[in-house]
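Quick look at what Swiss-Prot annotates:
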- Cys60, Cys62, Cys75, Cys78: Zn(2+) 1 binding site (BINDING)
- Asp626, Asp628, Asp630: Mg(2+) binding site (BINDING)
- Cys1002, Cys1075, Cys1082, Cys1085: Zn(2+) 2 binding site (BINDING)
- 1486-1503: compositional bias 'Acidic residues' (COMPBIAS)
- 1439-1503: region 'Disordered' (REGION)
Amino acid sequence: MLEINDFNAIRISLASPEDIRSWSHGEVTKPETINYRTLKPERDGLFCERIFGPTKDWECFCGKYKRVRYKGVVCDKCGVEVTRSKVRRERMGHINLASPVSHIWFVKGTPSRLGLLLDISPRNLERVLYFASYIIVEVKEDMLQVAREMIQEEYAARRQKIQKQAEEKRIELSTQLTQDLGGMETAQRSTQRQIEEEYRRLRDEIASEAEQLRERLEELSGTLADEDILFRGVTVVEEGEPINENTLDQLDELVEQELEVLEERRRRDLADAELLTDAERERKAYEATQEQERLQERLQRELDHLMREEKEKLEQLDTLKVGRIITETEYRQLRDIAPGVFRADMGAGAVRELIEKTVNLDKLAEELQAEIQSSQGQRRKKATKRLRVVEAFRKSGNRPEWMILTVLPVIPPDLRPMVQLDGGRFATSDLNDLYRRVINRNNRLKRLIELNAPEIIVRNEKRMLQEAVDALIDNGRRGRAVSGKGKHRLKSLSDMLKGKQGRFRQNLLGKRVDYSGRSVIVVGPNLQLHQCGLPKKMALELFKPFVMRRLVERGVAHNIKNAKRAVERVRPEVWDALEEVIKDYLVLLNRAPSLHRLSIQAFEAKLIEGSAIQLHPLVCAAFNADFDGDQMAVHVPLSRKAQEEARTRMLSKYNLLSPAHGEPIITPSQDIVLGCYYLTMVRDGAKGSGKRFSSIDEAMLAYEKHLLDIQAPIWIRMTGTLSGKSDRPVRELPLAADGTPRMLIETTIGRILLNNELQPPLRFRNRLIDKKGLKEIIADCYQYYTNLRNLSEDQLNEVRASHGNKHVQELARIYGSEMTAQQADRIKALGFRYATLGGMTIGIEDIEVPAKKYDIVREAEQLVADVEKQFRRGLITEEERYQEVVRIWQEATKQTIQAVKENLNPFGPVAMMSTSGARGNINQISQMAGMRGLMSDPTGRIIELPIKANFREGLSVLDYFVSTHGGRKGLADTALRTADAGYLTRRLVDVAQDVIITIEDCGTEEGLWLHGADDDELMEKLQVRMLGRILAAPIYHKETGELIADRNTEIDEELATAILASGQESVFVRSPLSCQAEHGLCRLCYGRNLATGKLVEIGEAVGIIAAQSIGEPGTQLTLRTFHTGGVASADDITQGLPRVQEIFEARVPKGKALLAEIDGVVQIVRDEEGVRTIRIVSTDVYTDEYPLGRGFSPTINHESEVYEGQVIAEGPGGAQIVTRLTGKAFIQGDRIIVSQEDHQERELVVPHNARIRVENGERVMAGQQLTDGSANPQELLELQGREAVQRYLVNEAQKVYRSQGVNINDKHIEVIVRQMLRRVRIEDPGDTGLLPGELIDSAEFRRLNNDIVSQGGDPATAATMLLGITKASLNTDSFLAAASFQETTRVLTDAAIQGKVDYLRGLKENVVIGKLIPAGTGIEKRIERPHEDLIGEMARMLEESQQAEEAPAETRRATPLPTPNGNKAPESDNDALLRARLEELLSGDGDNDQSDAEEEDNDLPAF
């Protein structure tokens, strides 16, 4: 039947506003949810029935229309469509946003997709979106020019004005100076006049005084002076001297002198006055000049300032580019400078407008391509990142502006329910709170815009709306997370998807299922291997519907309702019905944790009393179950196909071998082993020892008459051969009459009893059977009966009768499994019986302390005392003392163990339990009877003080305290290890989940060389490693050269023996590592399925098996990165689980080893400070020979230096010989030899604690390890290539597991390593259209290159990438698988932008969308049916449809056919549709149409 779910790919992309509106059934405009009085949804609210559909089936909101007959009617009163209420799980609504908002995934992701597209840094983008900065969205170029001219004109006018003002000031200053100078001239003349007048007055005074004195002297002439006569203070005549003519002359002289002095003073005063005037004049002139200069400077300053201002404004105009981000201040300035020239805005609306106006994807792609070609380094890296986003948009058909939301979808109400609690309060999904915030803010914003509110208020409301939408989509991604009541962070849509509790992991990959139950398990020793005991009460509940149906069929109840009542009342008839229903019905048993596929197996249910599930003891190993309170879950496979699959594939008796290593996992253990060991022991001297019997029957008779002990050695004559070696004497006897070999063997009754229970081909085993021996019996039984050569036609027909006509290999597998299951059950019964009869148990008396122990301890104490003495004397260091003490006590512990071993009674229960492998080992017995020995402290360092006591003697308080360290560490270690191993398994499953066997043969010629085990005892023998592989090349006998086996032959046990016998030490086999299958693997590269021992079938999910095989034993690995002790190697060597993680995550290992970077010779150099350096010197010599023809002579000297292109010889007619090398030339007779040395050196500094592995002068190869430690796989890949790193990873992982005694087949690790190396990084894209640095699947890369080469283009080049499993999982082609693994939001963001198509090739993606997985029986549906089959089916459907039309109305049932748009087509159109499709197919057009449609639109379901 064609189904609407029958599509083969799913696509994710960005939703356009139109898409969101088309999904929606109405706009949500109110934040209300439900009315608290009526408890009915509010109209236009988040739960509105008009938008999302009715809350009750077939009933509208107001109750006008009730019942199904009104189906599809839309109520004219309340507007609700009458339909089923489940539409509320699928109908969406929408909110028209008052202002666009950005989608936070595309803004805040790393890298920010929106930021890359617009070439804006995430910080700036955030500032714009959250209204802190403006972004220019429009610049009017014509207005810009006008603005520029206006600015220039304005500044020119301002300059003119300033210059004019300065000129006026200059004139004013000049006039002032002229006036000042004129005034000074006048003042100077006035001063001169005053001086002249003053001196004239003084002269007159002197003349007047002289005249008066003369007159007096003339009066007194001829007399003696009676006193001194003075003239102006100068004596003219002294007292007593005569006054005469001379006296008058003297007076004239004095007058003359006085007048001269006066004249002198007058001249000086005039000169001083003139000088002062000149100085004042100069001062005034200087001040005027200074003022002029200041004026000039001020003018220049103002002009410069104007120039700068003008330049700045013009520059600001020049920077007015669309997309420029400006602050509030800058915006205001620019608005003032150039009003109306540009438009800047804030928020998501601005960004959306910018995208619509400026982003031309094609043009941008071309520009970025050119930049990648022309630039280097960081610029090129950025351009590549941007181009990746641009190309994603171009190829996907998404529009960049859809990253900004204008319409917000509202998810269906039943996905964000609101439920009433007991107290009348309501519990609601966080999403309702988040939606309510968005609606409130949106409505408020609408109102503010209508009211023309101030810009700042509107802007704030827009920012709050943006934040509300951010919180709804991904709460807490930016800023503080929105919290609800009680500080609890609200769960957003992103939180609904991601993490362990998210939609992917909680609901899509991990659904809870109906028809299941769980209970405690107890052992069911009487069950057969394929049975389990199911408590009746549990079975009745699980099979309730089946029982009810059976009661109605048998007439016990009239209808289902009565039957239900009968079952609930548990009437006696119910048990009979249950017995009938459950007969041959299979149930699945599962024990958590389900670490591998054997954790879920199918069993036939046997009804039992009680409440515990009974489990067969032999399947405990597969489930890792014990009976100390473990619980198991039961599941009922319902459909016929599920039952069939459970029977053919999951039944416990068909799961005998472990998929991890191919050995039996159904291995007897504990009591069974002990019983069989007890049976096959030989006790010399027991009752009847040495007796001889003519046959087995005779010996058994003697045993039954109690004449023999079960363990007594007796001689028996028997026919046939021995299986394997005997541990007792055997004597050959003459052949019997029919040619059968006969012998006389020494054996015991116990061994006869055991062999009686073995299948005839496995007899006669005459040796002590321990756990290993029982495992061999099971393995031999399976191998014998699954080998077609050993089966008769009758045996195969027997299987055919019960299992249908299958392939003979499959029949052999089924027969072998059933025979082995029978064998296991018989051994189980025998083991339990004789463990009981033997009565072996442990008591305190069985633990005997050996007498030797005390001597050993005393001796050790003496040795320790000697060491202490040496230390005190300073002969040894503290570290040496510690090492020696630890060594002494370790040796003492070893000797004690040996003493305990020797002291044990081999027939005692303790020794039997230990040596048989039933329980316990010699170390544990030694702790009870010997000494406990050394313990570790919390850091893992050994405490040098041992516990000398044992548990039999009892521990002292100190002993007990010291041993608690180790105990506690052990518990903590186990808890942590379990979580780590679980996470490792999850990552492994994720990386390999799409590795499925998809094709028969990929045809590759490549393969893997398997070599014989070298000195590494951890590696397995070649015979074991090549078993189940397929030869990649023919193999020949080493000496004779004859063909042993051709290519593509499976290496089975016989062929493996033949290959080794031929002397071959290595084989070239196919491997998952070299498989060329485009998806998954091919059968031949994988080889044998270890769980069946046969070649793997198509559809086997080998990736999951590999992951489980590696992850399941993870808990057995240690967590420690432990100390090797000693100074020689002080580095910690990572081992156990951390080392496995290191390998699979391809991390740089702890204690990394140095690798040689080139081939060459080692020189170890040590400098003065003791730092060691390894120098590798590589010298390659190239020679070129030039014969000298007749007439040629050299133009160079012997041993002279020459360079490439130099003429080294000349001949007749100007002929020349030119050298191709640069080096030294040697002339040897009639030829010239040019030799060139290519010299390379590498230096590596050795860490101080590293041990060097190489010697001075040793020759090393590139990639060779130079120091101890682990190699970095990334370096190894670079130096030695892909094959070397594959080999290294597989071997290193195996070393860790083997060191812990865990056996895993190589091919499982190879599958994981293949996935780690699946991707290549593009270096040069050629003509492929890929991007440099892009990671792409290697198969896809090969396909693209082949296509390009066939079209004559340039192929791309790429480098192999080694990715850790986490990174490889996230780089898978399936976005559903990657999103359900980790980083959900990032994966979905990328996938949406790229418009990714998931072709549903892996398992996870199919589980997520609810399809059958493409593995096992599920792959049969995927293998395309031929064209004719499809036509046949169409024709049959058409015929059925016509018959249905002709049938009476009451018997006719409508079978609507799905139409491509997902709606049901009307019944009457059925045959028209079918007929049209059939005609298309018959005309041969149908296929073409379909393929075209698929090419055009990958997300349409294939019809």
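The backbone N, Cα and C atoms fix where each Cβ goes, glycine too.
Computed from a predicted structure; not experimentally measured.
Cys60 (Zn(2+) 1 binding site) sits 58 Å from Cys1082 (Zn(2+) 2 binding site), counting Cα to Cα. The record gives Asp626, Asp628, Asp630 for Mg(2+). Within 8 Å of the mean position of their Cβ atoms, the other Cβ atoms in that chain belong to Ile521, Ala625, Phe627, Gly629.
A Cα-Cα distance of 39 Å separates Asp626 (Mg(2+) binding site) from Cys1082 (Zn(2+) 2 binding site). Neighbour list (Cys1002 (Zn(2+) 2 binding site), Cβ cut-off 8 Å, at least 6 residues apart, same chain): Cys1075, Gln1076, Ala1077, Leu1081, Cys1082, Leu1084, Cys1085.
The Cβ of Cys78 (Zn(2+) 1 binding site) lies under 8 Å from the Cβ of Arg43, Glu49, Arg50, Cys60, Phe61, Cys62, Lys64, each of these being in the same chain and 6 or more residues away along the sequence.
In this view, Asp630 (Mg(2+) binding site) is surrounded by 17 other Cβ atoms within 10 Å of its Cβ, with every protein chain counted. In the structure shown, the C-beta of Cys1085 has more C-beta neighbours within 10 angstroms than that of any other entry among the binding-site residues Cys62, Cys75, Cys1085. DSSP assigns Cys60 (Zn(2+) 1 binding site) to coil, not to a helix or a strand. Of all the binding-site residues listed here (Cys60, Cys1075), it is Cys60 whose C-beta has the fewest other C-beta atoms within 10 angstroms. The local packing around Asp626 (Mg(2+) binding site), expressed as other Cβ atoms within 10 Å of its Cβ over all shown chains, amounts to 11. Of the chain residues outside the Zn(2+) 1 site list Cys60, Cys62, Cys75, Cys78, Glu49, Phe61, Gly63, Lys64, Tyr65, Lys77, Gly79, Val80 have their Cβ within 8 Å of the site's Cβ mean position. Within 8 A of the CB centroid of the Zn(2+) 2 site residues Cys1002, Cys1075, Cys1082, Cys1085, the other residues of that chain are Ile999, Asp1001, Thr1004, Arg1070, Pro1072, Ser1074, Gln1076, Ala1077, Leu1081, Arg1083, Leu1084, Tyr1086. Classification of Cys1085 (Zn(2+) 2 binding site) by DSSP places it within a helix. Cβ neighbour count within 10 Å across all protein chains ranks Cys1082 highest among the binding-site residues Asp628, Cys1082. Between the CA atoms of Cys75 (Zn(2+) 1 binding site) and Asp630 (Mg(2+) binding site) there is a gap of 58 Å. Classification of Asp626 (Mg(2+) binding site) by DSSP places it in coil, neither helical nor stranded.
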